[in-house]
Amino acid sequence: QRNLVGSCKMVALCSYETTKLVRIHSVRLGSLKWTLNATVLVVVFVVSLVMLWNRKYQQFDQVVSSVTAKVKGVAHMQLPGEGAVIWDEADYSGFLQDKNSFFVVTNIIMTKNQKQGRCPEVPGRQCQHHSDCERGAWDQRSHGIQTGSCVKFDALARTCEVVGWCPVEAKNKPPRPALLASAEKFTVLIKNNIRFPAFNFIRRNILPEMTESYLRKCQHANDSLCPIFMLGDVVNRAGENFSTMAVEGGVIGIQIKWDCDLDHLTRRCLPAYSFRRLDQKESNKTLSPGFNFRFAKYKTVDGVEERTLYKAFGIRFDIMVFGQAGKFSFIQLIIYIGSTLSYYALVTDIVWSQDKAVSD
């Protein structure tokens, strides 16, 4: 009995099984098979094209970037109370510089000869009696700290007296047209250095073949790779009007996209620039339209410190860099081919199910 069991095990171990193949003469099943085969071939062909177009055979890495910007230009403008002045980049672009943005002043409200002292607040909140003013009070709209006195602002209004820089800033609406509307002719040079760590690949938007003479001429030649832009062109390509936007200011996004193919036969790594407005432009739909901030220039007159307060309106340009690089990966190619070949299994399954239905 033991020998018999051992012989059976040896027979099972040394045996070989194969699928029995049955040829069925059926027009319907034959047509279904070749139709499915043709469909799968078409699908595989389309999927292969998609693989080549989307570079599914590559390994990808995201861009790491740094950006600097340099603005150039000189403006001649008429400042109320001062007359004609000349501003260069140190005057209109030396503020709010960030690693990925730059700011250009386009309009100004100026309050001259401010000194530390007491003066009436602007007529935003009027008063009739001293009891209407709280000593030491202050809020976000105040220009100083209240003294507790109600004083005359002009012939028609009385406001609470404050301690602060006097006279307080009285205007709140920017001049129209903008005082620095000529800023649309200023230029900016954008320098963008990128790196793809996975491939140890480094590049910048100022390509090696770009000479100084090229940079002087490219902005006038509508060169899509030119890293120098006129500010008016940037705003116009974002779908806005520079003269209108310059009155209250705003925020423009400069987008630099890198879509790089690092394979030797198809190597390509060039920047693509696009522009859009980022803030809400309709003044009647937002509480604080545009973009503005304040700064002051100080001086001493007869031993007393004075300042000129500037409320500067302007356009902030945010530079956003994004993109990826791809390089051939054998593993990615095998994964994609394997997932594509799995479509052939559908043909066998469908024909087998139809065959079983016919047999039943």
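Here the Cβ of each residue, glycine as well, is placed from N, Cα and C on the backbone.
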In TrEMBL's disulfide listing, CYS127 is paired with one of CYS150, CYS166. Which one?
CYS150
CYS218, CYS260: which one closes the disulfide with CYS226 in TrEMBL?
CYS218
Just confirming the record: what cysteine out of CYS8, CYS14, CYS166 does TrEMBL connect to CYS119 via a disulfide?
CYS166
Round to the nearest Å and give the CA-to-CA distance linking ARG294 (ATP binding site) with CYS166 (disulfide bond).
16
Taking 10 A as the limit, how many CB atoms besides its own sit near the CB of LYS72 (ATP binding site)?
12
Report the member of VAL71, CYS160, CYS226, CYS269 (the recorded positions) whose C-beta atom has the most other C-beta atoms within 10 angstroms.
CYS160
I'd like to confirm something. Which of the recorded positions, CYS127, CYS160, THR187, CYS218, PHE293, has a Cα closest to the Cα of CYS119 (disulfide bond)?
CYS160
When you look at LYS70, VAL71, LYS72, THR187, ASN292, PHE293, ARG294, LYS311, which the record names as binding ATP, what is the longest CA to CA distance in angstrom?
24
